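Accompanying notes for the structure given below.
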C-alpha cells in the first residue's frame with residue numbers, strides 16, 4: 001500500500017485549493033524545486049506534495065488565525081452592543097419608576113390608617129399585577145423564612161416612621177396582617193438607594209418589582225460592583241438635597257431601619273436587581289463632587305485672575321494630552337499607496353527591504369525588492385510590523401462626488417480593446433493592418449502621426465476603440481493607478497513559434513484585471529504554422545479556447561496578408577455584446593476620462609491622448625488629471641481633425657494641460673477653474689508628502705557619508721554588460737567585496753544595452769547602474785538624467801571592483817567625468833585605397849570635434865573606443881561638424897564599420913568629488 005501511495009499523483013490546483021493559496025505560487029515553488037511541470041493542471045507525486053505542504057502550511061495557519069481573530073473581534077463587538085443596549089433599557093425603566101415618587105406624601109396617611117383594618121384588599125390589589133407570574137415564587141419561599149422574625153415587621157414599619165430601632169419591636173406578633181406585611185416589607189429593600197420609595201406606595205412597589213426579572217448572569221455581573229454601589233450610596237447620603245430626605249415624616253431615620261431589616265434574607269434578589277442604577281448615578285455623583293470641590297477651590301482663591309490662570313493651565317494640560325495621544329496614534333498609521341513595492345514599505349516603516357521580503361516569504365509570497373504588492377499583502381505586512389495601513393493616492397483628495405448614472409442615460413458603447421503579446425509575434429503588424437484598412441478616402445499617404453488610441457469601424461458599421469500600449473508594462477501601470485480602461489484583450493501568438501514568457505505574463509495581467517481574452521493565432525500563412533501546438537500550450541498556461549471546451553474565443557489570422565482579420569473583429573464584437581458594455585451619454589454629466597499617453601509638442605505644448613469614459617468632453621471645460629489642471633483648448637481625433645466634443649469610448653487628443661500628466665491618470669471635468677486649481681494643489685501636497693518620505697538617490701560618491709550616518713546598509717547594483725561571461729565575472733567580484741557596515745547586492749543583471757526598464761528598476765530600488773562595454777539608449781539616458789541616477793561605464797573589470805571598494809571605504813579619488821559631445825550615424829561605407837574604410841555619416845545630435853574621443857556602437861553594444869583619424873566635409877578637412885550635416889569619418893586603426901553603426905563623440909573632464 002505504501003508503494004501505491006508513493007505512486008499516487010496529485011494535481012497542483014487541488015493542492016493549492018486545499019492549502020488556500022494561489023495555484024501560481026505553488027507552481028512557482030514546484031518549478032524552483034526542479035520538477036518539470038507546465039501548468040497548475042500538472043500532476044506531482046506524494047513526495048513533492050509533502051514538500052508543498054511543508055512550505056505553505058504557515059500561510060494556511062496565517063489565514064486561519066486571521067479568520068479566528070476577526071471572528072473573536074466581531075463577537076466582542078456584539079457583546080458590547082448587547083450590554084450597552086441592556087444598560088440603556090434598565091436605565092429607562094429606573095427613570096420611569098422614579099417619576100411618580102414625589103406623590104407618596106399625599107397618600108401616605110390614608111395608607112397607614114387602612115393598613116391594619118384592610119390588609120387583604122391590598123394583597124388582592126397586588127396579585128393581578130402583570131409581574132405576578134414570577135413574583136409569587138420568591139415571595140412564598142421567603143415567607144416561611146421570615147415568619148419568626150419578619151411577621152412582627154408590621155409594627156416596625158409603623159414604628160420606623162417615629163423611631164429608627166427595629167430590633168426591640170419583633171416580640172409583639174399581630175398574626176392577621178402578617179401576609180400583607182411580607183408583601184410590604186419585601187418591596188421596601190428595593191428603595192434602599194432612593195429614599196422616595198420608602199413609603200408604602202402600592203403603585204411604586206408594584207413597578208419596582210420588575211427589577212426582579214433578571215437573568216442569573218446579570219445578577220452575578222452586577223454583584224461584582226457591590227463595593228462601588230455602597231460607596232455611591234454613602235456619597236449620595238452626604239450630598240443629598242433636603243427635599244429628597246424629607247419626603248416622609250421623619251424620613252431620615254426611616255431609611256436606616258430599612259437598611260437594617262434587608263440583610264435578614266428576604267430581599268436579596270431585589271437588592272441585586274437594583275444595582276444598575278448606582279452605576280448610572282456614580283457618574284453623576286462623581287461629577288457633582290468634582291464641581292463642588294472645584295467651586296470650593298475657586299472660592300478660596302485670591303480672585304478671578306488666579307481662577308482664570310488655573311482654568312487655562314488645566315485646559316493646556318488637557319490639550320497637550322490629547323495632542324500626545326493623537327500623535328502616538330498617527331505614528332502607527334502608515335499612509336501608503338496601493339501596489340507599493342517592498343522597498344517603499346521599508347522606507348515608510350523604518351525597516352529594511354530584506355525584512356519585508358522575509359515576511360513575504362513567511363506568508364508564502366515570493367517577491368522581489370521592486371515587485372508591486374497588492375492591497376491585502378500590504379495590510380498583512382503592516383500588521384506584522386505593528387502598523388495600520390491607510391491607502392492613499394494623490395487623487396484621494398478628490399472632492400468630486402460621483403453622480404449616479406440614470407438608466408435612461410446609459411447606452412451601448414464601443415468596446416475598448418488592447419492588443420498584447422510577444423514582440424515578435426506580429427502585434428505591430430496586426431495594429432498596422434487594422435489602422436491602414438480604415439484610412440478614409442483622400443488620405444492615401446496613410447496616417448502620418450502616431451496616436452496611442454484610435455477608433456475603427458467594422459464591416460457591420462459598429463465601432464471598436466484600440467489602445468496601442470507598449471506591452472503589458474503600460475497595461476499594468478494604468479491598472480496600478482486605478483484606471484480600468486480595457487474591456488477586451490487580444491492575445492497575439494505566432495503559429496510558427498510557441499507561447500513565450502511575455503505571453504504568459506500578458507495572460508496573468510489580463511486575468512488579474514478580470515478582462516476576457518480573445519486569442520489571435522498569427523502567421524498562419526507560413527508552412528511551419530502549428531495552431532494545435534499553440535492551443536495546447538495556452539491550455540497549460542490557463543487559457544482554454546472554445547474549440548476545446550473553454551471560454552476564450554480563438555481566431556487564426558495572418559496580419560501580413562489580412563486573412564481572418566474580419567472574423568477576429570466579429571468575435572471581439574460578440575464578446576462585447578456578451579459583456580453588455582454601457583456608457584453614460586448624458587451631456588449634463590461632468591465628463592471623465594483616462595490619460596492613455598502624453599507628449600510635449602514644440603508648437604502646441606502638452607498633447608495627451610484621452611479615452612473618454614463618461615459624459616461628453618467639450619472645448620472650454622476646466623479639468624483635473626492627477627495633480628495637473630488645465631482647460632480644454634482643442635480636441636482632435638486620431639487623424640488630427642478638430643472636433644467639438646467626444647463621448648464615451650471615444651479616443652481624442654486634448655490640448656490645454658499645464659504640465660505632462662502620467663498615463664493612467666483620471667481626467668475629471670470640474671465646475672470652474674478655481675475648483676480645478678484647488679483640487680490639483682491638494683493632490684500635489686499629498687504626492688510631495690509621499691515622495692518626501694522616500695530616501696534620496698544613492699550615489700557612489702556619497703556612500704561613505706551615508707554609511708557613517710547609518711543611512712546605508714546595502715549597495716544595490718544593476719549590471720549590464722556585452723557578454724554573459726563579463727556579467728558573471730563582475731557579479732562574483734562584487735559579491736566578494738564585504739564591509740562591516742555595508743555589502744553589495746546585485747538586484748538585476750543582463751546582456752545588452754541599458755534600457756528604460758533598467759533605469760526604472762534602479763529608481764525604484766535606489767541602485768546604481770554599471771555598464772560594462774555597453775551604453776544606454778537615448779530614452780534611457782534622458783530618463784536617468786531626469787531621475788538623477790548614478791550610471792557608470794567601464795571597460796575593465798578591475799576598475800569596477802576598485803571603484804566600488806574605494807567608494808565603500810570613502811577613498812574615492814577625483815572623478816573623471818565624461819561629457820557627451822554628439823553622435824552620428826553611418827549611412828554608407830566607402831573603401832579608400834591606402835586609407836581603409838571611411839563612413840559617410842549624418843550627425844544626429846550635438847557637435848562632432850576632430851580631436852574628440854569616440855566610441856563605435858553596434859546595436860547598443862560598444863565595438864570600438866578610440867580617436868578619429870579623419871573628419872571631412874566635401875573633401876575638406878574640418879575641425880567640427882554640427883547636427884544635421886553630413887560628413888566623412890575614419891577611425892584610427894579600425895576598419896570594421898558597417899551601415900547603421902552609431903559613433904558617439906565625448907571628452908573626459910576632471911571633476912572634484914564632494915564627500
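Every residue gets a Cβ built from N, Cα and C, even glycine.
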Task: Which listed span Swiss-Prot calls region 'G3', if the choices are 468-471, 472-475, 476-479 - done: 468-471
Open item on the list: According to Swiss-Prot, region 'G1' applies to one of these ranges: 421-428, 429-436, 437-444. Which one is it?
Closed with: 421-428
TODO: Tell me the residue counts in helix, strand and coil for the compositional bias 'Basic and acidic residues' (83-94), as DSSP assigns them.
DONE: 12 helix, 0 strand, 0 coil
TODO: Have a look around residue 524 (GTP binding site) and count the other CB atoms within 10 A of its CB, chains all included.
DONE: 20
- [ ] With an 8 Å cut-off on Cβ-Cβ distance and a minimum sequence separation of at least 6, pull the same-chain contacts of residue 421 (GTP binding site), or say none.
- [x] 427, 491, 492, 493, 502, 503, 506
- [ ] Quick one: give me the count of other CB atoms within 10 A of the CB of residue 424 (GTP binding site).
- [x] 12
TODO: Using DSSP, tally how many residues of the region 'G4' (522-525) sit in helix, strand and coil.
DONE: 0 helix, 1 strand, 3 coil
- [ ] Tell me, roughly as an integer, the mean pLDDT over the domain 'tr-type G' (412-582).
- [x] 78
Task: DSSP three-state assignment (helix, strand or coil) for residue 421 (GTP binding site) - done: strand
